[in-house]
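Colleague: I'd like to ask some things about the structure below.
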Ligand SMILES: [Zn+2]
């Protein structure tokens, strides 16, 4: 089983320079190879098979960085091509930009040249870099991706191969409705319903972000203060992303720890629209990320994740008697079933209907 662990890195100045070179070279070789592939295809209608080694003579500065960083850039490019050929809607591989693309490079463990010792990680070509490991792992390091975010913090994501654990089966089943005022509403087969609120600190951070964005928009272009303001906005964005991720990880862990069968609605453009309209106060509500986490955690723990058909009328049917009432506008949050008289809360009712799909 492969699992990634992400930690903060604290490189010294020399190491920061080295990382900047690696980011730059990985981006450079990617773009160079992409551009040559495009030209070659225009001329010959054939795909060019190029490798980083062919470029080292012409661009000797690339010799200073980890050659695996370049090999991984090549692999990324090939993956981007493969994805494009598999599904044209993904789009043709794009050139990487210094400002818009993520600054990162990947290197591989070869014969133990990457290892963690005394709060430091040993990396090819640069030696030991300080890291803060808030949790440890068991297993063999396969590869590492070093990255820098917009506010200049460094991270390392370590891919680890570990023995498969035999999953512990549990009994419970749960239905999850993704909500608007609450992030998610769940009902399990014991009839326990829970509303999981969006974390309050998120709203606070959101307010601060808006303030920082306003202040940035007032700064003159090219002015000294503009960069400062931009950095502030980037930091607020990161804070929100971290708070949201933290919340989603806790919730997806709890749900996959406690339940054997998990039913969730399929995200469609329709409910993303409702998400966009009504949940925009907290920005992207993180539904996609939440479903992604439920997917991989279910896989790790041997759970069954069922995605309801996108046309499954989870909010139109009475969960008590099965009477189908037809579509209801989003502002209708509760009603009494005209057939059996049961009082229905829209989100709880939907989570119960989703639970009914658990086998
Ligand atoms: Zn009813």
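Each Cβ is built from the backbone N, Cα and C atoms, and glycine gets one as well.
What TrEMBL says about a protein is an automatic prediction, not a curated fact.
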Colleague: From 74-112, 113-151, 152-190, 191-229, which range did TrEMBL mark with region 'Disordered'?
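Modeller: That would be 191-229, the stretch labelled region 'Disordered' in TrEMBL.
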Colleague: Where else in the chain does the region 'Disordered' (191-229) make close Cβ contacts, counting only residues six or more beyond its ends and a cut-off under 8 Å?
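Modeller: Counting only partners 6 or more residues beyond its ends, the region 'Disordered' (191-229) has Cβ contacts under 8 Å with 179, 182-185, 236-237, 239-240, 243-244, 247, 251, 281-283, 285, 347-348, 351-352.
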Colleague: Mean pLDDT over the domain 'Cas12f1-like TNB' (287-354): what is the value?
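Modeller: Value for the domain 'Cas12f1-like TNB' (287-354), mean pLDDT as a whole number: 89.
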Colleague: Quick check on the domain 'Probable transposase IS891/IS1136/IS1341' (158-275): DSSP residue counts for helix, strand, coil, in that order please.
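Modeller: With helix first, then strand, then coil, the domain 'Probable transposase IS891/IS1136/IS1341' (158-275) has 61 helix, 30 strand, 27 coil.
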